[in-house]
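Per Swiss-Prot, the features are:
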TRANSMEM  49-67  transmembrane segment
TRANSMEM  79-99  transmembrane segment
MOD_RES   Thr104  phosphothreonine
TRANSMEM  105-125  transmembrane segment
TRANSMEM  144-164  transmembrane segment
TRANSMEM  186-206  transmembrane segment
TRANSMEM  215-235  transmembrane segment
TRANSMEM  320-340  transmembrane segment
TRANSMEM  365-385  transmembrane segment
TRANSMEM  401-421  transmembrane segment
TRANSMEM  443-463  transmembrane segment
TRANSMEM  479-499  transmembrane segment
TRANSMEM  526-546  transmembrane segment
Amino acid sequence: MSISGAVDEAGTPLLAVTVDYRNKPAVKSSSGGWRSAGFIIGVEVAERFAYYGISSNLITYLTGPLGQSTAAAAANVNAWSGTASLLPLLGAFVADSFLGRFRTILAASALYIVGLGVLTLSAMIPSDCKVSNLLSSCSPRFQVITFFSALYLVALAQGGHKPCVQAFGADQFDEKEPEECKAKSSFFNWWYFGMCFGTLTTLWVLNYIQDNLSWALGFGIPCIAMVVALVVLLLGTCTYRFSIRREDQSPFVRIGNVYVAAVKNWSVSALDVAAAEERLGLVSCSSSQQFSFLNKALVAKNGSCSIDELEEAKSVLRLAPIWLTCLVYAVVFAQSPTFFTKQGATMERSITPGYKISPATLQSFISLSIVIFIPIYDRVLIPIARSFTHKPGGITMLQRIGTGIFLSFLAMVVAALVEMKRLKTAADYGLVDSPDATVPMSVWWLVPQYVLFGITDVFAMVGLQEFFYDQVPNELRSVGLALYLSIFGIGNFLSSFMISIIEKATSQSGQASWFANNLNQAHLDYFYWLLACLSFIGLASYLYVAKSYVSKRLDTS
């Protein structure tokens, strides 16, 4: 962030709280901005190529070479995805408290390469088993242990990589400079654009290799991609801005002290609190009066906290209602790599007489719609909205997220209607008892729900990224992005829990469950209608919470 009047010998403005790779004050003209962000977005493209090379087709590997049932495989995918989305909390803690973002990215990249290498070796172990109805695999025990150990090592590596790379990229822009502040908002759009470009390449190339050539090769290529990501990251070292961490207390300790002090001072009178507020110069506003019970931490009786520390603690606490009301959106988001993929496997997938599209490749329509829509959103819709609202982002971050949640509700309605059509077609052609038969219904029927998912992500996903980066204290921005990712971690676990409960409840008395291995006897349409109802309730809850949200005070010093 810039300091007025701070210049080098050539008259180039310097930046405070940031240094260059030589540990000297960063010079604005030769560091940061898009020159640095380009390298970091390149790293994200390669990393997402590697990650989705594993996750996008994971359910096919589990139900194929490892021989798990559909319900068991979906539960395992959700459990792993949930873990991968929660581990960024650990990675962000390590980065913001100890290593810093850049060093954490380096360590996570090395761990990533090791995990993907072991995963490749596990796929080379021969396996010959039929589909199991148990939650365990029928593959050789050593293969299963090696595979899942490597899989969760990849999740751990992703936990250190994901929040730090994005926060490190956003750190390259000075939010107090109007032009760089505007560029930072665009950075989140183009970051997601790059991420989806990497995902799109994975879905068209790697999924075909995994389904038709070799799983070992399909897992080995992501390992090579992570080596490339590490090289690209190092190439940009000379251009990066590195944030300087304060040498006093950890931000976690400072925030924790506020909560502890407020509890210790719980019995102090309102007059004492008012006196402390006046003594410290706390301005009465909506921000200061929200969570006013924390203002008791300002009373010197049992340990006083500063106003800045109080605001840090409040800014974290304000995120909780938004976080909670977005969980249903995360449950909906978890369905595309699981049941959507299994649906596609039952449908007519021929493009040419000799080529069938991989079911997992259908997920590419999510990325494709994002790649197409983000430039339209960033270059057309936002300037139009900006001319009316005079806001740098055109619309607020909360409005953007709410629009995405509404679109996720529409996506589940469309998914339910399409599945009803697929089941009717299977019944009309007498294929209800033929799980291996191809339902004479084009797989392109699934495209609208995938496209809606993509447009939903442009609004909700990118909005959540920017919101959780922007609304936390500066020193906790890796944690802010980890909190955003944890929404999807908990969402995946909730999805897995729902699947397990519904599987047990609907398979009693020998009846086919909603998630039967034979999808022509299953009722995924019921599950999608349930998610649509939950999405509507989640949207209503979100709108109620967002209406009363108080934004973080901007430090103008």
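Even glycines carry a Cβ here, placed using N, Cα and C.
Counting Cβ pairs closer than 8 Å and at least 6 residues apart in sequence, the transmembrane segment (215-235) and the transmembrane segment (49-67) reach three or more and so form a contact. In this chain, the transmembrane segment (105-125) lies in contact with the transmembrane segment (49-67); the count of Cβ pairs under 8 Å, excluding pairs fewer than 6 apart in sequence, is at least 3. Between the transmembrane segment (365-385) and the stretches 105-125, 186-206, 526-546, the greatest number of Cβ pairs separated by less than 8 Å involves 186-206. Same-chain residues lying 6 or more positions outside the transmembrane segment (186-206) and placing a CB less than 8 Å from one of its CB atoms are 37, 41-42, 44-49, 52-53, 56-57, 166, 169-170, 172-173, 218, 221-222, 360-361, 363-364, 366-368, 370-371, 374-375, 377-378, 454, 457-458, 461-462, 465-466, 469.
Sequence-distant neighbours of the transmembrane segment (443-463) (same chain, 6+ residues past either end, Cβ-Cβ under 8 Å): 188-189, 192, 196, 326, 329, 333, 336, 340, 343-344, 347-349, 357, 359, 362-363, 365-370, 373-374, 377, 397-398, 400-401, 403-405, 407-408, 410-411, 414-415, 418, 421-422. If you look at the transmembrane segment (526-546) against the transmembrane segment (320-340), you find at least three C-beta pairs under 8 angstroms, all six or more positions apart, and that counts as contact. Each of 79-99, 401-421, 479-499 was scored by its Cβ pairs under 8 Å to the transmembrane segment (320-340), and the highest score goes to 479-499. Same-chain neighbours of the transmembrane segment (401-421): 322, 326, 328-329, 332-333, 335, 340, 343, 395, 441, 445-446, 448-449, 452-453, 455-461, 463-464, 467, 524-525, 528-529, 531-532, 535-536, 538-539, 542-543, 546, counting only residues six or more beyond its ends whose CB sits under 8 Å from a CB of the stretch.
Proximity of distant same-chain residues to the transmembrane segment (479-499), defined by a Cβ-Cβ separation under 8 Å and at least 6 residues beyond the stretch ends, is recorded for 71, 74-75, 78-79, 81-89, 91-93, 96, 162-163, 166-167, 319, 323, 326-331, 333-335, 464-465, 467-472, 515.
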